[in-house]
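J.: Sharing a structure with you now.
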Amino acid sequence: MQYDVVVIGSGPGGYVAAIRSAQLGKKVAIIEKYSVLGGTCLNVGCIPSKALLDSSEHFYNAAHHFADHGIEIPAPVANLGKMIGRKNGVVEKMNAGINFLMKKNKITVHNGLGSFVDKNTIKVTKTDGSEETITTQQVIIATGSKPTILPFMNYDKKRIITSTEALSLTEIPKHLIVIGAGVIGAELGSVYARLGAKVSFVEFADSMIPTMDKTMGKELQKSVKKLGADFFFNTKVTKIENSGEEVTVTAEAADGKPVEIKGDYCLVCIGRRAYTDGLNLEAVGVATDRGKVVVDEHTLETNVKGIYAIGDVVRGAMLAHKAEEEGVFVAEVMAGQKPHINYNLIPGVVYTWPEVASVGATEEELKAKGVAYKAGSFPFKALGRATASGDTDGLVKVLADTATDEILGVHIIGARAADMIAEAVTAMEFRASAEDIARISHAHPTYMEALKEAALAATANRAIHS
Ligand code: FAD
Ligand code: NAI
């Protein structure tokens, strides 16, 4: 079988690259080692986690907030089996959607492990052990990432788990110990805390979501604390052990004090590593750096001509929409076009409640670079729409250049932040000033008014409602 383009991996990077290549007239195949398409994001990442976040949020609101709205119901019961079943249904529906897109774009799907024979030949090993060989002019490596887990963590997939198992638990933990209060910890910790689990976060850094603007982590901690969670910051885990139904986490605090926490489940979410196992990169000499495939910044081509790489397996944010942008980019480069990605403006979102969303520089980054900036903030509690709905936690922070007023960063924690950030991304793509946002009419009453007010606050401190 001879193709123009073969994509290895069917996550948001790979399947989008395949579709764009097909749109550009190429004969395309995609290789996926699992029986379903969609990669981490669809099967054990973005989509199933959001399905459980939504279900658990409905449960939490029914238990704690409906009465505030005058809706009186008996105490609701969480049926985790049904929630997981619904989540599986959502994933299956979207698996079918990707199958449809492959057919529509005449992309051939090969199920099996793809490995290089040479730069134009890929062997596909199917689950029954049979093999087929396909040839191609160009290859896109889109093999994604896997959870990082250290040997002393004794990962047993039953009690000591990663996000993959946490998305399919058969019972609500009594006490879930979460190692790493980053994005996965915050999201999946919230799911089980809302369903009634006691959740303890053990985090190496000094706050939740420590790579985002510091105000976000501080505010998020306040909200997650309301779910009954507790936090061990500046704490390094040294051992995790499971004895039957009890998990013991041993750690060391910054001052050297030993810490021991006992629970019934331990979720390890300390980051993810690029995944190239089984690809046989050695056969073609594709260079890697600390496990990541090295690519040319202007073309996403590896050191081997005709082999490209995208998504989590290369440098940069491990996000589905970043992988998708690179999927389109690489297909267009391979077709001789000159596309562009603005890596500074890839938004980051944490789907907790309230949501956290961010684009551009953090205050800490601007300080470190010595950039003169102005900051304007606006709290959700001063917003009519937020007060009406009862979602008053959070704030919007706009950072703008002191001299030019260009927006350098926007950080939002609050209801619907995930959708609100799009206005900031669009404005920043057009290099808008804070004054531009401040002068645009925003419908009333909406959450988006908080962005306008924060922009007003950033320009001569003239917010109207605070
Ligand atoms: P992947 O999605 O990892 O896909 C790679 C595919 O390649 C896999 O299907 C794998 O089986 C296949 N593969 C690997 N090796 C081979 C081989 N040799 N042969 C054949 N096939 C192979 N990002 C967001 O932007 N928003 C979110 O809300 C979000 N939520 C997340 C929640 C969780 C719990 C997790 C774990 C991740 C989340 N992410 C989220 C991150 C997102 O899932 C990844 O950034 C994204 O999936 C990366 O896409 P990719 O195409 O690079 O790789
Ligand atoms: P992360 O990098 O977001 O967080 C890991 C956290 O673990 C960090 O805060 C780090 O300080 C801490 N840590 C590292 N080693 C530790 C140790 N030994 N002991 C205690 N703490 C330790 O990684 P996470 O949460 O695993 O997620 C992986 C990636 O998946 C994210 O970086 C993100 O790219 C992607 N993702 C994106 C989501 C989204 O966009 N909403 C949702 C979930 C995942």
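Heads up, the Cβ atoms here are built off N, Cα and C, so glycines get one too.
Remember, it's a predicted structure, so these values are computed and weren't measured experimentally.
Straight out of TrEMBL:
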type	residues	note
DOMAIN	3-327	domain 'FAD/NAD(P)-binding'
BINDING	Lys50, Gly114, Thr143, Gly144, Ser145, Asp312, Met318, Leu319, Ala320, His321	FAD binding site
BINDING	Gly180, Ala181, Gly182, Val183, Ile184, Gly185, Ala186, Glu187, Glu203, Gly271	NAD(+) binding site
DOMAIN	346-455	domain 'Pyridine nucleotide-disulphide oxidoreductase dimerisation'
ACT_SITE	His444	active site, proton acceptor
J.: Please list the binding-site residues from Thr143, Glu203, Met318, Ala320 whose Cβ falls under 6 Å of any atom in ligand 1.
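T.: By the Cβ criterion, which requires under 6 Å to ligand 1, the hits are Thr143, Met318, Ala320.
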J.: Could you give the number of helix, strand and coil residues in the domain 'Pyridine nucleotide-disulphide oxidoreductase dimerisation' (346-455) as assigned by DSSP?
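T.: For that range the per-state counts are 41 helix, 33 strand, 36 coil.
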J.: What kind of secondary structure is Gly180 (NAD(+) binding site) part of, going by DSSP in three states?
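T.: Note: Gly180 (NAD(+) binding site) is coil by DSSP, not helix or strand.
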J.: Give the subset of the binding-site residues Lys50, Thr143, Ser145, Gly180, Ile184, Ala186 lying near ligand 2, defined as CB under 6 A from any of its atoms.
T.: Gly180, Ile184
J.: Please report the DSSP secondary structure of Met318 (FAD binding site), reduced to three states.
T.: coil
J.: Please list, in sequence order, every residue of the chain apart from Gly180, Ala181, Gly182, Val183, Ile184, Gly185, Ala186, Glu187, Glu203, Gly271 whose Cβ lies within 8 Å of the Cβ centroid of the NAD(+) site.
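T.: Near the NAD(+) site, the remaining chain residues are Val178, Gly189, Met208, Ile209, Cys269, Ile270.
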J.: Per DSSP, to which secondary structure element type does Ala186 (NAD(+) binding site) belong, with helix, strand and coil as the options?
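T.: Looking at the DSSP assignment, Ala186 (NAD(+) binding site) belongs to a helix.
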J.: Using a Cβ cut-off under 8 Å and a sequence separation of 6 or more, which residues in the same chain sit near Ser145 (FAD binding site)?
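T.: Correct list: Thr40, Arg272, Arg273, Ala274, Tyr275, Asp312, Val313, Met318.
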J.: Could you list the residues of the same chain, at least six apart in sequence, whose Cβ is under 8 A from the Cβ of Lys50 (FAD binding site)?
T.: Tyr351
J.: How many neighbouring Cβ atoms, not counting its own, are there within 10 Å of the Cβ of Thr143 (FAD binding site)?
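T.: There are 31 of them.
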